[in-house]
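Contents: one structure, followed by commentary.
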Amino acid sequence: MYHLWIKCLAAWIFLKRFNGVHVMQAKAPMYPNEPFLVFWNAPTTQCRLRYKVDLDLNTFHIVTNANDSLSGSAVTIFYPTHLGFYPHIDGRGHFFNGIIPQNESLAKHLNKSKSDINRMIPLRTFHGLGVIDWENWRPQWDRNWGSKNVYRNRSIQFARDLHPELSEDEIKRLAKQEYEKAAKSFMRDTLLLAEEMRPYGYWGYYLYPDCQNYNYKTKPDQYTGECPDIEITRNNQLLWLWRDSTALFPNIYLETVLRSSDNALKFVHHRLKESMRIASMARKDYALPVFPYARPFYAYTFEPLTEEDLVNTVGETAAMGAAGIVFWGSMQYASTVDSCRKVKDYIDGPLGRYIVNVTTAAKICSHFLCKKHGRCVRKHSDSNAFLHLFPDSFRILVHGNATEKKVIVKGKLELENLIFLINNFMCQCYQGWKGLYCEKHSIKDIRKI
């Protein structure tokens, strides 16, 4: 019945609604028929093991590591001291590994990184998210402002010590050149090593790409959320990084000042828009999968996101065509039994139900619009169309008790629902498929997979 609807409507939609926008093919999803995934990347093992509080993550379609641990087969995150000899200064002013990349042995770093990857990800068949979290310095000289200016000063002194005969201007030029060369080598070679050792993983750096659209505090009434032109240019200059990444991990953390505001959506939307742009320019064969990092609680607080801000984060991410979203959390989540219960109550309530809503809606749209061979993406990225279950057609039912739950989605897609999807969304076909509804095999692309 539903396929007949598509056949009957296809010609009309093509002539009247299809806006001719080309969408680059996507890599097939990590799990079959799961176009939008939600990951849990928080150290909440103690909730279950120590406090006997089961967070019910899998019940609500949330992908998690064994025992809800921070790192494992689903997602592994490498902090500065967990991977090789990352040169940096930590938040307490402690020096590590020569401080600046040009003052540390890359070979020694890579050798240690190899051991660390084998320790943290023992299986070569790992196909989860591999996230490198190096935030202390940025590989571009001009982006090391504020507290990161210390890396420029250290680099200048390093060049001065090695070349005292040079003028001050020559020293500064040399310092910038040597810093950016070494920073690029550290980041690029570490990434390539990880991909060589665990080739099925989704590898990238946390907070890349960034957008620097944080000016919502200074002039909230004039805030547009747009990425400054200079930051877009700087992101273009990082093409070497995007080409060697196999996934992108921007962040869309919301502060309380953005709570339930239009600015929250603007902030998230433009960060995602820039990430999707980078994802499409990184490769020629398919767009990189994008997995933005979000928090279930407002940044630096233990206050849960409002339902409106769940839409502004999870909902916006799915509608923009991302492959998924990662919820990061701190040790506070599992610090006490009360903390665990607070997290559990939020998951059992608004958070879990909304995740089920969006993941199911994304799957339904992929099934009926893209024949399971693609994911649904907004036709117009700035529209307010979301991948939500239609409330008149579907219900989310939660059965069970405090120790065991089961979530069931009941309902069926009606004709008017399908028309809404066709009018507002288009298919981003997975590799090996093409056509308006991803209904045609693409032999050339199949050979590349």
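If you go along the chain as it appears here, the first residue is 1 and each next one adds 1.
Cβ from N, Cα, C; glycine included.
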Can you sort out which of CYS376, CYS429 is the disulfide partner Swiss-Prot gives for CYS438?
-> CYS429
According to Swiss-Prot, which residue among CYS227, CYS340, CYS427 is joined to CYS370 by a disulfide bond?
-> CYS427
Candidate in CYS8, CYS47 joined to CYS340 through a disulfide, as Swiss-Prot lists it = CYS47
CYS211, CYS365: which one closes the disulfide with CYS227 in Swiss-Prot?
-> CYS211
Mind checking which of CYS8, CYS365 has the disulfide with CYS376 in Swiss-Prot?
-> CYS365
Number of Cβ atoms other than its own within 10 Å, given for CYS227 (disulfide bond) = 20
If you draw a 10 Å sphere around the Cβ of CYS340 (disulfide bond), how many other Cβ atoms fall inside it, taking every protein chain shown into account?
-> 22
Given CYS211 (disulfide bond) and CYS429 (disulfide bond), what distance in Å do their CA atoms have, once rounded to a whole number?
-> 27
Here the disulfide-bonded residues are CYS47, CYS340, CYS429, and the Cα closest to that of CYS365 (disulfide bond) is found at CYS429
Please report how many Å separate the Cα atom of CYS438 (disulfide bond) from that of CYS227 (disulfide bond), as a whole number.
-> 32
